Amino acid sequence: MSEFLDLEAQDGIRMTWNVIPGTKQDATNCVIPVSAIFTPLKPNPAIPVLPYAPLRCRMCRSILNPFSIVDFVAKIWVCPFCFQRNHFPQHYSTISENNLPAELFPQFTTIEYVSTNEMGPVAPPVFLFVVDTCMIEEEIGYLKSALAQAIELLPDQSLVGFITFGTYVQVHELGFGLLPKSYVFKGTKEVTKEQILDQMSFFAGKTKPTTGVIAGARDGLSTESIARFLLPASECEFVLNSVVEELQKDPWPVPADKRSSRCTGVALSVAASLLGVCVPGSGARIMAFVGGPSTEGPGSIVSKSLSEPIRSHKDLDKGSAPLYNKAVKFYEDISKQLVNQGHVLDLFACALDQVGVAEMKVAVERTGGVVVLAESFGHSVFKDSLRRIFQSSDNDLDLSFNGIFEINCSKDVKVQGILGPCTSLEKKSPLSSDTVVGQGNTSAWKMCGLDRKTSLCLIFDIAKKDGPDSIGQSASNQFYFQFLTYYQHHEGQMRLRATTLSRKWVAGSGGVQELIAGFDQEAAAAVMARLVTYKMEAEADFDPIRWLDRALISLCSKFGEYHKETPSSFSLSPRLSIFPQFMFNLRRSQFVQVFNNSPDETAYFTMVLNRENVANAVVMIQPSLISYSFQSGPEPVLLDVTAIAADRILLLDSYFTVVIFHGITIAQWRKAGYQDQEGHEAFAQLLEAPQEEADAIIKERFPVPRLVVCDQYGSQARFLLAKLNPSVTYNSDNPPPPGGDLIFTDDVSFQVFMDHLQRLAVQ
């Protein structure tokens, strides 16, 4: 495993197969697709930043890299992707084997370029707050204090706007400091850019251009008219704080049997159009704070009558959620508009019931926004996550804007698509595969928002055919990949990060051992999780458990070692041995078992899975469990019900929740207050150790996880029990040891799962 981690530390990439099956047939036989999880902006202090423009191949536009073949005498380099010979320009005339430019150093496979002459003025980032006011006073109070904190942390040069919504949408004119002034829009119908230009008097006293799309200062909008709504944070702090201070509950009366009328869709549409009019193409984020379901205008998800429940998974499966498809279509249109403008939608949804995350998912994910789901605006999950966005510390997000992601590959490799926070630019090229997965049909993608953690899952297609003509196709047995990320750095300037990799390929049946040696089971689990959630959304009547089981059985019968029809002879190489366990836990995870979760929660879990790297995805699929006891220091234990003991503390990290679970004896001692008495210092330390570990996990994670501290047999213990392997259940023959626990379930245990797998794999 360690060599895969080293490659990730250097280039931010993990591939399922690090030795690639060389032909189309070999790749199909390998079951798990050839794919990669790539973190474009993974921080690495060793990456050099070059102050000049990159040198591109004149045929395929790929960038000069350590795999290029260089003739120092003739000053020519050969592109490894299309084998085109290129001449070095004049300013490279001094290069020689002992005097290499940085981009040819073998260790700099990832490199950044900041071209100073293209830069132009640095555009400040824009933050447009869109705030729901249809909430109880208590929630509004929590939200006010969180917003006040966020406003303090805003970078001074950034531009800020403020919109509130309830029954109507109010756009606050922050540039009018004398008294609070806002423009009001009706919550029942969509607002176009034209209406915004007219009704918000952008051309007061001036003639409006008659043709073309009007957008931004270059089309005759004066900076003064833009500055009425978007001001530098340093200038409007007082006005902004007073607007936040005076936030009040939506004044329109709500009958007792009705939901309040909330026009989330129109508010987001006004926000998108306002940014499109004022700052198109420069980095901007709409930050929406939503406290309940949308019931008014386009994008509404439920009627106002409380007798009608909000849609569940069952309603969506049966097609009995009449508003769902219309709302999704509405948010798809908003996402297209935002992607065109280069703007991001972030969603903070805090309510006890659903608010419509499932419908808004498309707009958040395609623009690369962040999403946080919590029960209340007073909850630490929301408060700490919001602070983490603006705070600058070691774990901050380093929000970057306006990215474009491009891929170049050797010509026998094609790209099916990307699963993750991006949008296909529909730039069809010979690289695009006919099979499309996720955002495909292109070799370039738009990433309106990206940060140091954003990770994309790239699915490749090996197009190389078997047969006599395949020999001449590629003399070397290496496939090359180049990923280019062009983005607006969080300090404002445009940068280009280039990562170039090479991977060996093997063809035919002789290469099985080499394929196994290059198999990364953690990356494979993360890719399968993204694929299965994608298929659950995209394909009707898709059975996820059956699909995962079939894939696992085929993989084991291809790569396992066994005598036919003898299950007891079955064994897997260490490179594959944990993979069945990952699949067992993925089948039981909240990604596949949507029962007991609302569509909003499922959408939230999927969106977070789709933007995280391999290590985090693995924790979501198979949580880690650490045991603390007097007998031994903290040690990892199996995710099994047998790990529970009366004198142990367990720490479960399942990514979205961190659970500290006290065995019954420990809980009784704690309640008796032994930790505060003299002579019991060791017990006090035992109680503190898991708390410190939990704090460390929470500090570096986004969105901030929920912390649950519970006792054995307590009601909150369900957070731990639901994740454990049910090796001891209520109908097992062997009862648990004293102080142990059992699980009331009919689910199969991992042992039974493996027995069945071995039986089927050796057939």
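Heads up, the Cβ atoms here are built off N, Cα and C, so glycines get one too.
Sequence annotations record features per position, and here TrEMBL assigns domain 'Zinc finger Sec23/Sec24-type' to 54-92. Note on the domain 'Zinc finger Sec23/Sec24-type' (54-92): mean pLDDT across this stretch is 94.
Residues annotated as domain 'Sec23/Sec24 trunk' in TrEMBL: 123-390.
Sequence annotations record features per position, and here TrEMBL assigns domain 'Sec23/Sec24 beta-sandwich' to 401-506.
According to DSSP, the domain 'Sec23/Sec24 helical' (520-618) comprises 63 helix, 2 strand, 34 coil. Taken from TrEMBL, the feature domain 'Sec23/Sec24 helical' covers 520-618.
The domain 'Gelsolin-like' annotation in TrEMBL covers 633-720. Broken down by DSSP into helix, strand and coil, the domain 'Gelsolin-like' (633-720) contains 40 helix, 20 strand, 28 coil.
When each of 123-390, 520-618, 633-720 is scored by its Cβ pairs under 8 Å to the domain 'Sec23/Sec24 beta-sandwich' (401-506), the top-ranked stretch turns out to be 123-390.
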